[in-house]
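**Student:** One structure coming up, written as structure tokens, with questions to follow.
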Amino acid sequence: MMNALGLSVAATSTGSPFHDVCCYGAGIAGNIFALVLFISPLPTFKRIVRNGSTEQFSAMPYIYSLLNCLICLWYGLPFVSYGVVLVATVNSIGALFQLAYTATFIAFADAKNRVKVSSLLVMVFGVFALIVYVSLALFDHQTRQLFVGYLSVASLIFMFASPLSIINLVIRTKSVEYMPFYLSLSMFLMSVSFFAYGVLLHDFFIYIPNGIGTVLGVIQLVLYGYFRKGSREDSLPLLVTHT
């Protein structure tokens, strides 16, 4: 990530050792929770495979996450930024997970949703290819870092907004059956960690999108606590997976 001046966070120093420890601690925590976020939908897809149907689950969070991971992966490579290899590593793993989830969704969706999600998947790779081409062809290294950095902020905001349709479904059905708890909790913890990281670094590009993600995460967790009594999982512990 970059700070508001367009400098790589990896190349900046905050001065105070304690402050630096807090910054890097928040960043490492964010990476850990990001990995947890990537694996959190596994119970949902286990259910989809077991039932042979996507039911009312939405593929949009995984489509948005795939695009976000690809953009952040590109940002973390030396072609765009120096010293942020872990950004590329985490997001390459994330992209593989999101691609696997999307492919599974397509395999078990009805014909209409299969065509829709497949088209969106093609669009995602088309947009990413265009971003790579434009950033290499039209920008030098410094402006390329700014260009891709702003795109990563935009993609993060879109990714965090993707659960809005699920929030609407929860309110309409008064049930959290189709809002996986692991996904909501992991997004909240990841957002809080990176929000703290951005605030400690005074980095606009980090704390703004993750601040939005934190608010949305709180909303989802509040809705889960309020509506879980009306769900089929009512008799199950909060952190149980479907078996």
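Glycine too: its Cβ is placed from the backbone N, Cα and C atoms.
Straight from Swiss-Prot, here's the annotation block:
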| type | residues | note |
| --- | --- | --- |
| DOMAIN | 27-112 | domain 'MtN3/slv 1' |
| DOMAIN | 147-229 | domain 'MtN3/slv 2' |
| SIGNAL | 1-15 | signal peptide |
| TOPO_DOM | 16-24 | topological domain 'Extracellular' |
| TOPO_DOM | 46-56 | topological domain 'Cytoplasmic' |
| TOPO_DOM | 80-90 | topological domain 'Extracellular' |
| TOPO_DOM | 112-118 | topological domain 'Cytoplasmic' |
| TOPO_DOM | 140-146 | topological domain 'Extracellular' |
| TOPO_DOM | 168-180 | topological domain 'Cytoplasmic' |
| TOPO_DOM | 225-243 | topological domain 'Cytoplasmic' |
| TRANSMEM | 25-45 | transmembrane segment |
| TRANSMEM | 57-79 | transmembrane segment |
| TRANSMEM | 91-111 | transmembrane segment |
| TRANSMEM | 119-139 | transmembrane segment |
| TRANSMEM | 147-167 | transmembrane segment |
| TRANSMEM | 181-201 | transmembrane segment |
| TRANSMEM | 204-224 | transmembrane segment |
**Student:** Using a Cβ-Cβ cut-off of under 8 Å, list the residues of the same chain that are 6+ residues beyond the ends of the transmembrane segment (91-111) and lie near it.
**Tutor:** 34-35, 38-39, 41, 45, 48-49, 52-54, 57, 59, 62-63, 65-66, 69-70, 72-73, 76, 117-118, 121
**Student:** For the topological domain 'Cytoplasmic' (46-56), what's the model's average pLDDT?
**Tutor:** 89
**Student:** As a quick check of your reading of DSSP, tell me how many residues in the topological domain 'Cytoplasmic' (112-118) are helical, how many are strand and how many are coil.
**Tutor:** 7 helix, 0 strand, 0 coil
**Student:** May I ask which of the stretches 25-45, 57-79, 181-201, 204-224 has the most CB pairs under 8 A with the transmembrane segment (147-167)?
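**Tutor:** So the stretch in question is 57-79.
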**Student:** Can you work out which residues elsewhere in the same chain, 6+ from the ends of the topological domain 'Cytoplasmic' (46-56), have a Cβ less than 8 Å from its Cβ atoms?
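**Tutor:** Answer is 104-105, 108-110, 113, 169, 178, 241-242.
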**Student:** Would you mind listing the long-range same-chain contacts of the topological domain 'Extracellular' (16-24), meaning Cβ under 8 Å and 6+ residues beyond its ends?
**Tutor:** 196-197, 200-201
**Student:** What residues elsewhere in the chain lie close to the topological domain 'Cytoplasmic' (112-118), defined as a C-beta under 8 angstroms and at least 6 residues from its ends?
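**Tutor:** Tertiary neighbours of the topological domain 'Cytoplasmic' (112-118) are 54, 59, 63, 102, 105-106.
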